[in-house]
């Protein structure tokens with residue numbers, strides 16, 4: 001009996017070690033597979049609107065085709081609105097609260113909101129400086145390499161009016177949109193790389209695949225409406241697509257590190273990006289989508305569908 005008891009004790013001691021090794025390997029393989037899949041699916045989703053814009057520019061489109069593009073654009077507006085209110089802002093506020101708690105810092109000043117405002121004003125100042133420089137130069141030569149020569153939403157003589165404000169879709173706003181989404185995507189990848197539970201990793205990866213695909217599609221659609229050149233659009237899409245896998249790799253490399261100063265630095269950057277995204281969402285995307293001079297309830301319904309799509313994905317991630 002003593003020998004049997006000793007053998008059971010040995011099994012109890014060594015079994016966790018034997019089970020944990022394959023689990024960590026499987027988790028690592030799952031993360032690497034998700035990294036590749038996420039990169040490819042994001043690029044494919046982002047390339048889809050390019051064919052749509054190519055068809056728009058090649059021939060005079062009919063009213064139903066133009067209306068379909070408008071509704072797709074409203075859907076992407078809902079995606080960005082939901083991303084701003086339900087994803088970026090809660091993630092940033094939770095991150096910076098954890099960082100301040102880790103440093104044992106208690107503030108009476110609303111630092112979190114102040115950082116958001118700084119990100120908002122950063123884009124505003126950059127845009128005004130760029131517009132002032134363009135006015136002094138007396139032309140748009142500095143944006144010729146980025147902007148196309150014809151509007152992507154106007155084709156044919158006597159076509160129905162679709163409001164496109166060239167100043168609203170400035171290159172500065174488009175670049176701020178890409179940078180804000182790319183930084184948030186990288187930080188999401190870092191958070192995923194930190195995780196070690198296989199079930200949690202799989203659930204988060206599936207949600208990220210849907211989330212990033214929707215955002216990549218909407219991002220390319222907005223870049224096209226901003227009249228960016230195709231090469232610039234492809235460069236922005238590739239940059240955005242690479243950020244989440246890059247962040248995931250960094251998270252896997254930094255796994256186990258809990259430096260609160262490092263976390264606070266990431267939180268400040270995320271706050272600036274969130275403030276910039278707020279500027280783009282509420283002063284660029286939503287006014288553009290709801291700028292029709294007559295009520296169109298279908299545009300609002302489609303916008304709510306885009307909002308609900310991201311809300312459903314975020315519900316799955318919980």
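Even glycines carry a Cβ here, placed using N, Cα and C.
No curator has checked TrEMBL annotations; they are predicted automatically.
Annotated transmembrane segment per TrEMBL: 32-53 (among others), in sequence order. Same-chain residues lying 6 or more positions outside the transmembrane segment (32-53) and placing a CB less than 8 Å from one of its CB atoms are 69, 72, 152, 192, 201, 205, 208-209, 212-214, 216-217, 219-221, 224, 230, 233-234, 237-238, 240-242, 244-245, 248-249.
As annotated by TrEMBL, transmembrane segment applies to 74-94 (among others). Same-chain residues lying 6 or more positions outside the transmembrane segment (74-94) and placing a CB less than 8 Å from one of its CB atoms are 112, 116, 180-181, 184, 187-188, 211, 214-215, 217-218, 221-222, 267, 270-271, 273-274, 277-278, 280-281, 285-286, 288-289, 299-300, 302-311, 314.
If you look up TrEMBL, you'll see 114-133 (among others) marked as transmembrane segment. Sequence-distant contacts of the transmembrane segment (114-133) (same chain, at least 6 residues past either end, Cβ-Cβ under 8 Å): 89, 92, 96, 142, 167, 170-173, 176, 180, 268, 271-280.
The transmembrane segment annotation in TrEMBL covers 230-255 (among others).
The feature transmembrane segment is assigned by TrEMBL to 267-287 (among others).
Marked as transmembrane segment by TrEMBL: 299-316 (among others). Nonlocal intrachain contacts for the transmembrane segment (299-316), taken as residues 6+ away from its ends with a CB within less than 8 angstroms of a stretch CB, comprise 70-71, 74-83, 86-87, 203, 206-207, 210-211, 214, 218, 289-290, 292.
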